[in-house]
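Q: Below you'll find the structure I mean.
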Amino acid sequence: MHGFAYKNGSLFCENVDLQTLAETHGTPLYVYSANTILDHFRRLDQALAGIDHEVAYAVKANSNLSVLRLLAKENAGFDIVSGGELYRVIKAGGDPAHCTFAGVGKTRAEIEYALQQGIYSFNVESEAELRYIDQVAGDLGVVAPVAVRVNPNVDAKTHKYISTGKSENKFGVDFGFIEEVYDRASKELKNVKLRGLQMHIGSQLTSVDPFVEAVKKVAPLATSLKEKHGIEFWSIGGGIGIVYRESLESGAQDWWDKKADAERPLTIEEYGASIMPLIKDLGLNILLEPGRYIVGNAGVLLTHCLYEKKGTAKTFKIVDAGMNDLIRPALYEGHHEIVPLKEPNAERLKVDVVGPICESGDFFCQDRELPDFQPGETVALMSAGAYGFVMASNYNTRPLPAEILVDGSTATVVRKRQTLDDLLVGEL
Ligand SMILES: *Cc1c(COP(=O)(O)O)cnc(C)c1O
(Lines of atoms letter the chains of each structure in order from A; the text may use other names.)
(Lines give C-alpha, C1' and ligand atoms only; values in the text may rest on other atoms or scores of the structure.)
Protein backbone atom coordinates (compact mmCIF):
# COMPACT_ATOMS: atom_id res chain seq x y z
CA MET A 1 0.00 0.00 0.00
CA HIS A 2 1.18 3.49 -0.71
CA GLY A 3 0.01 7.04 -1.28
CA PHE A 4 0.37 7.30 -5.10
CA ALA A 5 -2.72 7.05 -7.33
CA TYR A 6 -4.48 8.72 -10.26
CA LYS A 7 -7.19 11.22 -9.32
CA ASN A 8 -9.22 12.88 -12.08
CA GLY A 9 -6.66 11.80 -14.67
CA SER A 10 -3.52 13.02 -12.85
CA LEU A 11 -1.04 11.18 -10.66
CA PHE A 12 -1.15 12.33 -7.04
CA CYS A 13 1.01 11.77 -3.99
CA GLU A 14 -1.51 11.84 -1.14
CA ASN A 15 -3.46 15.06 -1.91
CA VAL A 16 -0.77 16.74 -3.96
CA ASP A 17 -0.74 16.80 -7.78
CA LEU A 18 2.69 15.63 -8.96
CA GLN A 19 2.48 17.70 -12.16
CA THR A 20 2.27 20.87 -10.07
CA LEU A 21 5.30 19.77 -8.03
CA ALA A 22 7.29 19.07 -11.20
CA GLU A 23 6.40 22.49 -12.61
CA THR A 24 7.19 24.33 -9.37
CA HIS A 25 10.40 22.55 -8.40
CA GLY A 26 11.75 21.20 -11.69
CA THR A 27 12.94 17.70 -12.50
CA PRO A 28 14.50 15.26 -11.74
CA LEU A 29 12.61 15.41 -8.45
CA TYR A 30 12.24 12.87 -5.66
CA VAL A 31 8.84 12.92 -3.91
CA TYR A 32 8.07 10.96 -0.74
CA SER A 33 4.77 10.22 1.00
CA ALA A 34 5.07 10.76 4.75
CA ASN A 35 1.93 8.80 5.56
CA THR A 36 3.11 5.79 3.57
CA ILE A 37 6.35 5.76 5.56
CA LEU A 38 4.45 6.00 8.84
CA ASP A 39 1.94 3.33 7.80
CA HIS A 40 4.72 0.88 6.93
CA PHE A 41 6.59 1.55 10.15
CA ARG A 42 3.46 1.13 12.29
CA ARG A 43 2.38 -2.06 10.55
CA LEU A 44 5.72 -3.68 11.11
CA ASP A 45 5.73 -2.56 14.73
CA GLN A 46 2.22 -4.02 15.04
CA ALA A 47 3.29 -7.34 13.51
CA LEU A 48 5.54 -7.92 16.54
CA ALA A 49 3.12 -6.55 19.12
CA GLY A 50 3.08 -8.54 22.33
CA ILE A 51 6.79 -9.27 22.57
CA ASP A 52 9.80 -7.14 23.46
CA HIS A 53 10.91 -5.71 20.15
CA GLU A 54 12.23 -2.71 18.31
CA VAL A 55 11.96 -1.70 14.67
CA ALA A 56 15.35 -0.19 13.84
CA TYR A 57 15.04 1.60 10.52
CA ALA A 58 18.02 0.94 8.20
CA VAL A 59 19.10 4.52 7.60
CA LYS A 60 21.06 3.76 4.45
CA ALA A 61 17.84 3.16 2.47
CA ASN A 62 16.86 6.84 2.70
CA SER A 63 18.70 9.11 5.09
CA ASN A 64 17.02 12.47 4.47
CA LEU A 65 16.81 14.31 7.79
CA SER A 66 13.07 14.85 7.47
CA VAL A 67 12.47 11.14 6.86
CA LEU A 68 14.57 10.32 9.92
CA ARG A 69 12.70 12.94 11.96
CA LEU A 70 9.36 11.33 11.08
CA LEU A 71 10.61 7.99 12.36
CA ALA A 72 12.36 9.43 15.41
CA LYS A 73 8.98 10.89 16.45
CA GLU A 74 7.56 7.35 16.27
CA ASN A 75 10.32 6.22 18.67
CA ALA A 76 11.93 4.08 16.00
CA GLY A 77 15.36 2.62 16.52
CA PHE A 78 17.96 3.14 13.80
CA ASP A 79 20.37 0.74 12.15
CA ILE A 80 23.38 2.69 10.94
CA VAL A 81 26.41 1.74 8.86
CA SER A 82 28.69 4.75 9.30
CA GLY A 83 29.60 7.58 11.64
CA GLY A 84 27.92 9.89 9.13
CA GLU A 85 24.60 8.10 9.53
CA LEU A 86 24.87 8.34 13.32
CA TYR A 87 25.47 12.09 12.95
CA ARG A 88 22.34 12.39 10.78
CA VAL A 89 20.21 10.39 13.23
CA ILE A 90 21.29 12.60 16.13
CA LYS A 91 20.62 15.77 14.09
CA ALA A 92 17.14 14.44 13.33
CA GLY A 93 16.37 13.91 17.02
CA GLY A 94 16.95 10.16 17.10
CA ASP A 95 18.24 8.55 20.28
CA PRO A 96 21.75 7.02 20.03
CA ALA A 97 20.73 4.57 22.77
CA HIS A 98 18.42 3.04 20.13
CA CYS A 99 21.06 2.82 17.40
CA THR A 100 22.81 -0.32 16.23
CA PHE A 101 25.98 0.08 14.18
CA ALA A 102 26.50 -2.46 11.38
CA GLY A 103 29.12 -2.76 8.63
CA VAL A 104 32.28 -4.75 7.93
CA GLY A 105 34.77 -1.87 7.99
CA LYS A 106 34.26 0.45 10.96
CA THR A 107 37.15 2.88 11.48
CA ARG A 108 38.68 4.01 14.78
CA ALA A 109 37.10 7.46 14.42
CA GLU A 110 33.67 5.89 13.88
CA ILE A 111 34.03 3.50 16.82
CA GLU A 112 35.12 6.32 19.15
CA TYR A 113 32.26 8.57 18.02
CA ALA A 114 29.69 5.81 18.52
CA LEU A 115 31.10 5.01 21.99
CA GLN A 116 30.98 8.66 22.99
CA GLN A 117 27.36 8.91 21.83
CA GLY A 118 26.36 5.76 23.75
CA ILE A 119 24.87 3.55 21.02
CA TYR A 120 22.88 0.43 21.89
CA SER A 121 25.20 -2.03 20.16
CA PHE A 122 27.95 -2.51 17.63
CA ASN A 123 26.94 -5.28 15.26
CA VAL A 124 30.36 -6.81 14.72
CA GLU A 125 31.27 -8.59 11.51
CA SER A 126 34.58 -10.34 12.37
CA GLU A 127 36.67 -11.43 15.33
CA ALA A 128 39.35 -8.94 14.29
CA GLU A 129 36.82 -6.12 14.52
CA LEU A 130 35.64 -7.38 17.91
CA ARG A 131 39.20 -7.24 19.25
CA TYR A 132 39.71 -3.78 17.80
CA ILE A 133 36.52 -2.44 19.39
CA ASP A 134 37.68 -3.91 22.72
CA GLN A 135 40.98 -2.06 22.35
CA VAL A 136 39.40 1.29 21.41
CA ALA A 137 36.88 1.01 24.28
CA GLY A 138 39.77 0.23 26.66
CA ASP A 139 41.65 3.32 25.48
CA LEU A 140 38.55 5.42 26.16
CA GLY A 141 37.94 3.74 29.53
CA VAL A 142 34.45 2.53 28.57
CA VAL A 143 32.72 -0.77 27.87
CA ALA A 144 31.43 -1.33 24.33
CA PRO A 145 28.10 -3.15 23.91
CA VAL A 146 28.43 -5.66 21.05
CA ALA A 147 26.59 -8.30 19.09
CA VAL A 148 28.29 -10.52 16.54
CA ARG A 149 26.68 -10.98 13.16
CA VAL A 150 26.16 -14.63 12.36
CA ASN A 151 26.22 -15.72 8.74
CA PRO A 152 23.66 -18.55 8.79
CA ASN A 153 24.51 -19.81 5.29
CA VAL A 154 20.98 -19.76 3.92
CA ASP A 155 20.06 -18.77 0.40
CA ALA A 156 17.96 -15.58 0.37
CA LYS A 157 17.07 -16.20 -3.32
CA THR A 158 17.55 -12.60 -4.27
CA HIS A 159 19.90 -10.76 -6.67
CA LYS A 160 23.52 -11.79 -6.08
CA TYR A 161 24.60 -8.24 -5.26
CA ILE A 162 22.09 -7.99 -2.39
CA SER A 163 22.44 -11.49 -0.98
CA THR A 164 24.41 -11.43 2.29
CA GLY A 165 23.69 -14.61 4.24
CA LYS A 166 25.74 -17.22 2.36
CA SER A 167 29.21 -18.36 3.42
CA GLU A 168 30.73 -16.84 0.30
CA ASN A 169 29.44 -13.34 1.20
CA LYS A 170 31.77 -10.97 3.07
CA PHE A 171 29.25 -10.45 5.88
CA GLY A 172 29.24 -11.88 9.38
CA VAL A 173 30.98 -14.79 11.08
CA ASP A 174 30.41 -18.37 9.86
CA PHE A 175 27.66 -20.18 11.74
CA GLY A 176 30.09 -22.94 12.72
CA PHE A 177 32.58 -20.57 14.39
CA ILE A 178 30.31 -18.19 16.17
CA GLU A 179 30.00 -19.80 19.61
CA GLU A 180 33.77 -20.02 19.95
CA VAL A 181 34.01 -16.34 19.15
CA TYR A 182 31.61 -15.51 22.01
CA ASP A 183 33.45 -17.91 24.36
CA ARG A 184 36.84 -16.38 23.57
CA ALA A 185 35.49 -12.84 23.84
CA SER A 186 33.95 -13.51 27.25
CA LYS A 187 37.30 -14.81 28.53
CA GLU A 188 39.73 -12.47 26.83
CA LEU A 189 38.03 -9.16 26.11
CA LYS A 190 37.37 -7.03 29.18
CA ASN A 191 36.08 -3.90 27.45
CA VAL A 192 33.14 -5.38 25.60
CA LYS A 193 29.74 -6.44 26.86
CA LEU A 194 28.17 -9.29 24.86
CA ARG A 195 24.76 -7.76 24.51
CA GLY A 196 23.18 -9.53 21.55
CA LEU A 197 23.30 -11.56 18.37
CA GLN A 198 22.63 -10.26 14.87
CA MET A 199 21.93 -11.57 11.38
CA HIS A 200 20.76 -10.17 8.03
CA ILE A 201 20.49 -12.57 5.11
CA GLY A 202 19.85 -10.20 2.22
CA SER A 203 17.62 -7.61 0.70
CA GLN A 204 14.42 -7.62 -1.39
CA LEU A 205 13.29 -11.06 -0.20
CA THR A 206 9.89 -11.78 -1.70
CA SER A 207 9.18 -15.06 0.07
CA VAL A 208 9.00 -15.68 3.80
CA ASP A 209 10.74 -19.06 3.52
CA PRO A 210 14.39 -17.92 3.73
CA PHE A 211 13.52 -15.80 6.81
CA VAL A 212 11.88 -18.79 8.47
CA GLU A 213 14.77 -21.06 7.56
CA ALA A 214 17.33 -18.63 9.00
CA VAL A 215 15.35 -17.96 12.19
CA LYS A 216 14.83 -21.70 12.77
CA LYS A 217 18.50 -22.39 12.22
CA VAL A 218 19.79 -19.62 14.49
CA ALA A 219 17.20 -19.69 17.33
CA PRO A 220 19.02 -22.48 19.27
CA LEU A 221 22.23 -20.45 19.03
CA ALA A 222 20.45 -17.36 20.39
CA THR A 223 19.12 -19.43 23.30
CA SER A 224 22.52 -20.88 24.04
CA LEU A 225 24.20 -17.46 23.97
CA LYS A 226 21.54 -16.12 26.30
CA GLU A 227 22.21 -18.93 28.78
CA LYS A 228 25.98 -18.77 28.56
CA HIS A 229 26.64 -15.07 28.08
CA GLY A 230 23.44 -13.32 29.09
CA ILE A 231 22.73 -11.70 25.75
CA GLU A 232 19.55 -9.64 25.80
CA PHE A 233 18.70 -9.06 22.13
CA TRP A 234 18.59 -10.83 18.81
CA SER A 235 18.37 -8.77 15.65
CA ILE A 236 16.91 -10.83 12.84
CA GLY A 237 17.81 -8.21 10.24
CA GLY A 238 15.91 -6.46 7.48
CA GLY A 239 15.40 -7.48 3.88
CA ILE A 240 11.61 -7.62 3.56
CA GLY A 241 10.91 -7.17 -0.14
CA ILE A 242 8.51 -4.75 -1.82
CA VAL A 243 6.44 -4.76 -5.01
CA TYR A 244 8.33 -3.28 -7.95
CA ARG A 245 6.56 -4.79 -10.96
CA GLU A 246 3.01 -3.60 -10.34
CA SER A 247 4.05 -0.79 -8.11
CA LEU A 248 1.31 1.68 -8.95
CA GLU A 249 -1.50 -0.90 -8.71
CA SER A 250 -0.16 -2.21 -5.40
CA GLY A 251 -0.97 1.13 -3.81
CA ALA A 252 -4.59 0.02 -3.39
CA GLN A 253 -5.73 -2.54 -0.80
CA ASP A 254 -7.99 -3.97 -3.50
CA TRP A 255 -5.02 -5.20 -5.50
CA TRP A 256 -3.78 -7.23 -2.53
CA ASP A 257 -7.23 -8.57 -1.67
CA LYS A 258 -7.84 -9.82 -5.20
CA LYS A 259 -4.65 -11.91 -5.38
CA ALA A 260 -4.84 -15.60 -4.63
CA ASP A 261 -2.75 -16.50 -1.56
CA ALA A 262 -0.08 -18.19 -3.68
CA GLU A 263 0.36 -15.12 -5.90
CA ARG A 264 0.26 -12.42 -3.26
CA PRO A 265 3.70 -10.90 -2.61
CA LEU A 266 5.05 -11.17 0.91
CA THR A 267 2.91 -9.10 3.26
CA ILE A 268 4.00 -7.85 6.62
CA GLU A 269 1.15 -9.74 8.22
CA GLU A 270 2.44 -13.00 6.71
CA TYR A 271 5.96 -12.16 7.81
CA GLY A 272 4.80 -11.51 11.37
CA ALA A 273 2.59 -14.60 11.53
CA SER A 274 5.39 -16.88 10.26
CA ILE A 275 8.18 -15.47 12.42
CA MET A 276 6.35 -14.79 15.68
CA PRO A 277 5.86 -18.41 16.80
CA LEU A 278 9.60 -18.98 16.38
CA ILE A 279 10.73 -16.02 18.47
CA LYS A 280 8.06 -15.21 21.01
CA ASP A 281 9.24 -17.55 23.76
CA LEU A 282 12.97 -16.84 23.55
CA GLY A 283 12.83 -14.10 26.18
CA LEU A 284 14.97 -11.87 23.99
CA ASN A 285 14.41 -8.34 22.75
CA ILE A 286 13.84 -8.88 19.01
CA LEU A 287 15.15 -6.24 16.65
CA LEU A 288 14.18 -5.77 13.01
CA GLU A 289 16.25 -3.69 10.60
CA PRO A 290 13.96 -2.85 7.68
CA GLY A 291 15.01 -0.22 5.16
CA ARG A 292 13.39 -0.85 1.79
CA TYR A 293 10.08 -2.01 3.28
CA ILE A 294 9.58 1.29 5.11
CA VAL A 295 10.50 3.75 2.36
CA GLY A 296 10.74 1.90 -1.00
CA ASN A 297 7.17 2.30 -2.21
CA ALA A 298 6.85 5.63 -0.39
CA GLY A 299 8.89 7.49 -3.03
CA VAL A 300 8.96 8.27 -6.76
CA LEU A 301 11.43 10.00 -9.03
CA LEU A 302 9.81 12.45 -11.44
CA THR A 303 11.56 12.99 -14.74
CA HIS A 304 10.79 15.08 -17.80
CA CYS A 305 10.89 13.62 -21.31
CA LEU A 306 13.31 15.69 -23.41
CA TYR A 307 13.42 13.96 -26.77
CA GLU A 308 12.22 10.99 -28.71
CA LYS A 309 14.66 9.24 -31.04
CA LYS A 310 13.45 6.61 -33.48
CA GLY A 311 16.19 4.33 -34.77
CA THR A 312 15.87 1.35 -37.08
CA ALA A 313 15.99 -1.06 -34.14
CA LYS A 314 14.40 0.89 -31.30
CA THR A 315 12.53 3.92 -30.08
CA PHE A 316 14.31 5.82 -27.32
CA LYS A 317 12.62 8.16 -24.92
CA ILE A 318 15.34 10.41 -23.55
CA VAL A 319 14.57 11.79 -20.08
CA ASP A 320 16.32 14.29 -17.81
CA ALA A 321 17.06 11.81 -14.99
CA GLY A 322 20.04 9.53 -15.32
CA MET A 323 21.80 6.65 -13.62
CA ASN A 324 23.51 9.23 -11.42
CA ASP A 325 20.07 10.07 -9.95
CA LEU A 326 18.79 6.48 -9.67
CA ILE A 327 21.37 3.75 -10.13
CA ARG A 328 19.33 0.64 -9.23
CA PRO A 329 18.65 -0.48 -12.83
CA ALA A 330 22.36 -0.20 -13.74
CA LEU A 331 23.68 -1.62 -10.45
CA TYR A 332 21.37 -4.53 -9.79
CA GLU A 333 19.06 -4.79 -12.75
CA GLY A 334 16.45 -3.09 -10.59
CA HIS A 335 13.00 -2.68 -12.11
CA HIS A 336 11.04 0.56 -11.77
CA GLU A 337 7.57 1.03 -13.22
CA ILE A 338 7.39 4.08 -15.47
CA VAL A 339 4.04 5.87 -15.47
CA PRO A 340 3.01 9.15 -17.10
CA LEU A 341 1.64 11.80 -14.73
CA LYS A 342 -1.27 12.24 -17.11
CA GLU A 343 -3.40 9.09 -16.88
CA PRO A 344 -2.82 7.20 -20.17
CA ASN A 345 -5.16 5.16 -22.35
CA ALA A 346 -4.64 1.45 -22.92
CA GLU A 347 -2.32 1.77 -25.93
CA ARG A 348 1.24 0.49 -25.42
CA LEU A 349 4.49 1.07 -27.35
CA LYS A 350 7.77 -0.79 -27.01
CA VAL A 351 10.49 1.69 -25.98
CA ASP A 352 13.77 2.20 -24.16
CA VAL A 353 13.72 4.97 -21.57
CA VAL A 354 17.24 6.35 -21.24
CA GLY A 355 19.04 9.13 -19.42
CA PRO A 356 21.55 11.75 -20.57
CA ILE A 357 24.67 10.11 -19.05
CA CYS A 358 27.51 9.00 -21.32
CA GLU A 359 27.20 5.29 -20.42
CA SER A 360 25.31 2.54 -22.21
CA GLY A 361 24.15 1.31 -18.81
CA ASP A 362 22.22 4.55 -18.36
CA PHE A 363 18.72 3.27 -18.98
CA PHE A 364 15.56 2.85 -16.90
CA CYS A 365 14.04 0.18 -19.14
CA GLN A 366 14.74 -1.61 -22.40
CA ASP A 367 12.19 -2.94 -24.87
CA ARG A 368 9.36 -2.37 -22.43
CA GLU A 369 5.72 -1.90 -23.44
CA LEU A 370 4.75 1.49 -22.03
CA PRO A 371 1.91 3.93 -22.46
CA ASP A 372 3.06 6.60 -24.89
CA PHE A 373 4.41 9.87 -23.57
CA GLN A 374 5.90 12.73 -25.53
CA PRO A 375 8.71 15.26 -25.10
CA GLY A 376 7.47 17.90 -22.68
CA GLU A 377 5.58 15.39 -20.55
CA THR A 378 6.67 14.15 -17.13
CA VAL A 379 6.72 10.54 -15.94
CA ALA A 380 7.20 8.93 -12.53
CA LEU A 381 9.71 6.19 -11.83
CA MET A 382 7.83 4.29 -9.12
CA SER A 383 9.23 2.60 -5.97
CA ALA A 384 12.22 4.94 -5.85
CA GLY A 385 12.08 5.78 -2.13
CA ALA A 386 14.76 3.28 -1.07
CA TYR A 387 18.33 3.19 -2.41
CA GLY A 388 17.41 6.05 -4.75
CA PHE A 389 18.57 9.51 -3.70
CA VAL A 390 21.07 8.05 -1.20
CA MET A 391 23.00 6.44 -4.04
CA ALA A 392 22.84 9.50 -6.32
CA SER A 393 26.12 11.04 -7.43
CA ASN A 394 27.43 14.07 -9.24
CA TYR A 395 28.72 11.97 -12.15
CA ASN A 396 28.84 14.03 -15.35
CA THR A 397 28.85 17.11 -13.06
CA ARG A 398 25.11 16.92 -12.57
CA PRO A 399 23.55 18.54 -9.48
CA LEU A 400 21.75 16.22 -7.06
CA PRO A 401 17.96 16.41 -7.45
CA ALA A 402 15.70 18.09 -4.91
CA GLU A 403 13.61 16.01 -2.47
CA ILE A 404 10.02 16.76 -1.44
CA LEU A 405 8.09 15.28 1.47
CA VAL A 406 4.30 15.25 1.11
CA ASP A 407 2.01 15.04 4.14
CA GLY A 408 -1.67 15.23 3.16
CA SER A 409 -2.05 18.42 1.13
CA THR A 410 1.31 19.88 2.20
CA ALA A 411 4.49 19.49 0.16
CA THR A 412 7.78 20.56 1.76
CA VAL A 413 11.16 20.82 0.06
CA VAL A 414 13.28 18.68 2.39
CA ARG A 415 16.41 19.01 0.34
CA LYS A 416 17.12 21.78 -2.15
CA ARG A 417 18.34 20.96 -5.61
CA GLN A 418 22.11 21.46 -5.77
CA THR A 419 23.33 24.51 -7.66
CA LEU A 420 26.31 24.56 -10.00
CA ASP A 421 28.26 26.44 -7.32
CA ASP A 422 27.47 23.67 -4.80
CA LEU A 423 29.24 21.29 -7.16
CA LEU A 424 32.52 23.16 -6.89
CA VAL A 425 32.63 23.56 -3.10
CA GLY A 426 36.01 22.63 -1.67
CA GLU A 427 37.80 22.42 -5.02
CA LEU A 428 40.91 24.42 -5.90
C1 LIG B 1 21.05 -2.85 4.30
C2 LIG B 1 20.85 -3.50 5.59
C3 LIG B 1 19.56 -3.60 6.12
C4 LIG B 1 18.33 -3.13 5.40
O5 LIG B 1 18.02 -3.91 4.29
P6 LIG B 1 16.61 -3.72 3.56
O7 LIG B 1 16.64 -4.72 2.47
O8 LIG B 1 16.58 -2.33 3.04
O9 LIG B 1 15.55 -3.97 4.55
C10 LIG B 1 19.42 -4.16 7.38
N11 LIG B 1 20.49 -4.62 8.08
C12 LIG B 1 21.76 -4.54 7.59
C13 LIG B 1 22.88 -5.04 8.39
C14 LIG B 1 21.97 -3.99 6.33
O15 LIG B 1 23.21 -3.92 5.85
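Every residue gets a Cβ built from N, Cα and C, even glycine.
Below are the features I grabbed from TrEMBL:
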DOMAIN    30-385  domain 'Orn/DAP/Arg decarboxylase 2 C-terminal'
DOMAIN    36-296  domain 'Orn/DAP/Arg decarboxylase 2 N-terminal'
BINDING   Gly239, Glu289, Pro290, Gly291, Arg292, Tyr387  pyridoxal 5'-phosphate binding site
BINDING   Arg292, Arg328, Tyr332, Glu359, Tyr387  substrate binding site
ACT_SITE  Cys358  active site, proton donor
Q: Within 10 Å of each Cβ, count the other Cβ atoms, then let me know which of the binding-site residues Glu289, Glu359 comes out lowest.
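A: Per-residue Cβ counts within 10 Å for the binding-site residues Glu289, Glu359 bottom out at Glu359.
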Q: Say we define neighbours as other CB atoms within 10 Å of the CB. Which of the binding-site residues Arg292, Arg328 has the fewest?
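A: If we count Cβ atoms within 10 Å for the binding-site residues Arg292, Arg328, the smallest count is at Arg328.
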Q: Let me spell it out: for each of the binding-site residues (Tyr332, Tyr387), count the other Cβ atoms within 10 Å of that residue's Cβ, using every protein chain shown. Which one has the most?
A: Tyr387
Q: Taking Cα atoms as reference points, which of the binding-site residues Gly239, Gly291, Arg292, Tyr387 is nearest to Glu359 (substrate binding site)?
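A: Closest by Cα: Tyr387.
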Q: I'd like to know which of the recorded positions Arg328, Tyr332, Cys358 sit within 10 A of Tyr387 (pyridoxal 5'-phosphate binding site) at the Cα level.
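A: Qualifying among Arg328, Tyr332, Cys358: Arg328.
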Q: Where does the mean pLDDT land for the domain 'Orn/DAP/Arg decarboxylase 2 C-terminal' (30-385)?
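A: Its mean pLDDT is 95.
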